[in-house]
């Protein structure tokens, strides 16, 4: 089963992934972008080089294609539980070029069965971002991140409607423990 955690920077995805690692010890944990060695290189170029938005979008699509081919497909073949920190959903939300068709090509139409959305309000986001050093994307501001969050939700629910992906939307301001229990129950109801 292929499960993804989605949310903007500061929503608590990384915290939840770490908690899930203790609970699902046999699962394959991965991330997008950068879930492969090639992906890390592409991610570095996309985030650090002065390139066009279109070129950046294709770098992330290349990363996604390699990630699905070399990580996701083999794990699905072995019937492993795959838990990914982000997926094509974030890829489409963060990009100015959010073509579902190109993403379906890159993923070979392999989509997550379960999508966990961590949603945070403006005040919660401000508070969390004040506690960490900000990267290039986070430095674009709270309003930009809230716009991206809305796009993440839109893309997740579009996948639910078009392809039957299950979606669990959670308030990221809940305690990490409560969120973990809800996420684990959502994953376990099929595992």
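The backbone N, Cα and C atoms fix where each Cβ goes, glycine too.
As written in Swiss-Prot, here are the features:
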| type | residues | note |
| --- | --- | --- |
| BINDING | 7, 8, 9, 10, 11, 12, 13, 14 | ATP binding site |
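Apart from 7, 8, 9, 10, 11, 12, 13, 14, the residues listed for ATP, the same chain places the Cβ atoms of 118, 120, 128, 172 within 8 Å of the centroid of those Cβ atoms. A helical conformation is recorded for residue 13 (ATP binding site) in the three-state DSSP classification.
Within its own chain, residue 11 (ATP binding site) has 118, 119, 120, 125, 128, 149, 172 as residues 6 or more apart in sequence whose C-beta sits under 8 angstroms from its own. Of all Cβ atoms in the protein chains displayed, 22 besides its own lie within 10 Å of the Cβ of residue 13 (ATP binding site). With a cut-off of 8 Å between CB atoms and residues at least 6 apart in sequence, the same chain places 13, 117, 118, 119, 120, 149, 152, 172 near residue 7 (ATP binding site), listed in sequence order. Ranking the binding-site residues 10, 12 by how many Cβ atoms sit within 10 Å of each one's Cβ puts 10 at the top. Its Cβ placed at the centre, residue 14 (ATP binding site) has 14 other Cβ atoms within 10 Å. For the binding-site residues given as 8, 9, the lowest number of other CB atoms within 10 Å of the residue's CB is seen at 9.
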